[in-house]
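S.K.: Take a look at what Swiss-Prot says about it:
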DOMAIN    4-233  domain 'Radical SAM core'
BINDING   ARG13, ARG63, THR94, LYS154, ARG255, ILE256, ARG257  GTP binding site
BINDING   CYS20, CYS24, CYS27  [4Fe-4S] cluster 1 binding site
BINDING   TYR26, GLY67, SER118, MET188  S-adenosyl-L-methionine binding site
BINDING   CYS250, CYS253, CYS267  [4Fe-4S] cluster 2 binding site
Amino acid sequence: MKDKYGREIDYLRISLTDKCNLRCAYCMEKDHNDFIHNDKLMTLDEILRVVKECASIGIKKVRLTGGEPLVREGIVDLIKNINKIPEIEEICLTTNGILLGDKVKELSENGLKRVNISLDTLKEDRFKEITRIGTLDKVLYSIEKCLENNVKVKINTVILEDFNKDEILDLINLACENPIDLRFIELMPIGEGKKFKGVTNSEILEIIKKEKKVLSDGKTLRLNGPAKYISIEGFKGKIGFISAMSDCFCEDCNRIRVTPEGFMKQCLHWKYGINLRDKMRNGISDEELREIIKKSIYEKPEKHNFKMKEKDEDKRFMYEIGG
């Protein structure tokens, strides 16, 4: 269906949990352990009900996020049941990759088509520093197992000033040697991210162009989503740029988000939305739920305003919202 600005909304991002097995520095405080109580999370049945009603009004693609979605029990059955919904064409997962390698075969057999894996460095010491408790080898193993099981892979990378800027060329080589896409995501001022200085994608692109032969004269191509892509000579995959801060893509936004506790967010930046979990637990019918979702989608804000401090911005951390 379309929102009031005429954008076709066909993509649902639904967070299964705020819990995570890492403590990435720009996402979560090092000693954080105060997560949403299980009784406040949407149940798997409630999640499935939301997906079904969204599918009935035009949602075609579902992405499961977190926190780390793979720490949520029952995720395989959830994917299996979502895959049974006729209108859903694609099920995807965003993950840090730590737990994925040993689960990807079963997930794929039950309907998972794509994964986005967060990876900001190829140096073990830096990986430990940024994630605080992670092991790089497990992420690389997960990428390998995804390719073995024909699950399409995108790598999401955040470049931070004075941390991993010197690894840009090493990171893009992942897309040279493998049929995967690597996307640079500009750091957004959400939660712990406000404490760090990111690098703009225009600067990253210039670094790449100095060392690699970029096809199509270096022009970026936007496909279905916020990323703009370039092709590099000899590369099996593409390089993408998600430039939320320097190149607003809101006019093409096609998504709606649901947080772990069932709050349907109309925009990543703004706090506007409605709690679907509470409505369901108060006994509303499927038809009533569908109408609430339709109204929420229709009222999506025109654009974010991350560059300005606003009284109506969402103060929550990314892991609480759903990355």
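All residue numbers here begin at 1 and follow the chain in the order shown.
Using the three backbone atoms N, Cα and C, a Cβ is placed for every residue, glycine included.
Since the structure is predicted, the reported quantities are computational estimates derived from the model, not experimental observations.
Tell me about the surroundings of these features in the structure.
M.R.: Around ARG13 (GTP binding site), a 10 Å sphere centred on its CB holds 21 further CB atoms from the protein chains shown. DSSP gives ARG13 (GTP binding site) a strand state.
Secondary structure at CYS24 ([4Fe-4S] cluster 1 binding site), as computed by DSSP, is coil. Over all protein chains present, the Cβ of CYS24 ([4Fe-4S] cluster 1 binding site) has 22 other Cβ atoms lying within 10 Å.
Using a 10 Å radius centred on the Cβ of GLY67 (S-adenosyl-L-methionine binding site) and all shown protein chains, the other Cβ atoms total 29.
Cβ-based neighbour count (10 Å, all protein chains) for CYS267 ([4Fe-4S] cluster 2 binding site) stands at 21.
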S.K.: I'm trying to understand the geometry here, so how far is the Cα atom of MET188 (S-adenosyl-L-methionine binding site) from the Cα atom of CYS27 ([4Fe-4S] cluster 1 binding site), in Å to the nearest whole number?
M.R.: 10
S.K.: C-alpha of CYS267 ([4Fe-4S] cluster 2 binding site) to C-alpha of ARG63 (GTP binding site): distance in Å?
M.R.: 16
S.K.: Based on Cα distances to CYS250 ([4Fe-4S] cluster 2 binding site), point out the closest of the binding-site residues ARG13, TYR26, CYS27, THR94.
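M.R.: In terms of Cα distance, CYS250 ([4Fe-4S] cluster 2 binding site) lies closest to ARG13.
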S.K.: Give me the Cα-Cα distance between ARG255 (GTP binding site) and GLY67 (S-adenosyl-L-methionine binding site), rounded to a whole Å.
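M.R.: The Cα atom of ARG255 (GTP binding site) is 19 Å away from the Cα atom of GLY67 (S-adenosyl-L-methionine binding site).
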S.K.: Measure from the CA atom of CYS27 ([4Fe-4S] cluster 1 binding site) to the CA atom of GLY67 (S-adenosyl-L-methionine binding site) and give the result in Å, rounded to a whole number.
M.R.: 10
S.K.: ILE256 (GTP binding site) to CYS27 ([4Fe-4S] cluster 1 binding site): how many Å between their Cα atoms?
M.R.: 21
S.K.: Fill in the CA-CA distance, TYR26 (S-adenosyl-L-methionine binding site) to CYS20 ([4Fe-4S] cluster 1 binding site), as an integer in Å.
M.R.: 14
